[in-house]
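**Student:** Pulled from Swiss-Prot, these are the listed features:
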- Cys31-Cys73: disulfide bond (DISULFID)
- Cys42-Cys62: disulfide bond (DISULFID)
- Cys48-Cys67: disulfide bond (DISULFID)
- Cys52-Cys69: disulfide bond (DISULFID)
- 1-28: signal peptide (SIGNAL)
Amino acid sequence: MKLSLRLISALLMSVMLLFATGMGPVEARTCESPSNKFQGVCLNSQSCAKACPSEGFSGGRCSSLRCYCSKAC
């Protein structure tokens with residue numbers, strides 16, 4: 001009886017460790033909105049990212065020739 005209890009305990013601990021290491025860190029969702037202040041066709045994501053903080057966003061990127069600002073929701 002003692003051996004089977006130890007075996008069950010060891011198996012349970014192994015399963016718990018397996019699941020604990022399989023979970024990764026959780027990231028916040030990213031919300032995007034078209035920029036209101038960026039003028040012209042967006043070809044360079046760096047210039048888009050520089051325009052977005054003035055609109056209250058943390059960054060930005062070009063997509064479909066338009067500047068989209070982003071921040072954590």
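Using the three backbone atoms N, Cα and C, a Cβ is placed for every residue, glycine included.
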**Student:** Report the nearest neighbour of Cys42 (disulfide bond) in space among the disulfide-bonded residues Cys31, Cys52, Cys67, Cys69, Cys73, comparing Cα positions.
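**Tutor:** The smallest Cα gap between Cys42 (disulfide bond) and any of the disulfide-bonded residues is with Cys67.
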**Student:** Within 10 Å of the Cβ of Cys42 (disulfide bond), how many other Cβ atoms are there?
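**Tutor:** A count of 21.
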**Student:** Specify the nearest of the disulfide-bonded residues Cys31, Cys69, Cys73 to Cys48 (disulfide bond), where nearness means the distance between Cα atoms.
**Tutor:** Cys69
**Student:** When neighbour density is defined as the number of other C-beta atoms within 10 angstroms of a residue's C-beta, which of the disulfide-bonded residues Cys31, Cys62 has the lowest density?
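**Tutor:** It is Cys31 that, of the disulfide-bonded residues Cys31, Cys62, has the fewest other Cβ atoms within 10 Å.
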**Student:** Compare the C-alpha of Cys73 (disulfide bond) with the C-alpha of each of the disulfide-bonded residues Cys52, Cys62, Cys67, and give the closest one.
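**Tutor:** Its closest listed neighbour, by Cα, is Cys52.
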**Student:** Once the chains shown are all counted, how many other Cβ atoms turn up within 10 Å of the Cβ of Cys67 (disulfide bond)?
**Tutor:** 26
**Student:** Please give me the CB contact count at 10 A for Cys52 (disulfide bond), counting all chains in the structure.
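**Tutor:** 22, counting other Cβ atoms within 10 Å of Cys52 (disulfide bond).
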**Student:** Do me a favour and check the Cα-Cα span between Cys67 (disulfide bond) and Cys52 (disulfide bond); whole Å is fine.
**Tutor:** 9
**Student:** What's the most sparsely packed of the disulfide-bonded residues Cys48, Cys69, Cys73, counting other C-beta atoms within 10 A?
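**Tutor:** Each of the disulfide-bonded residues Cys48, Cys69, Cys73 was scored; lowest Cβ tally within 10 Å is Cys73.
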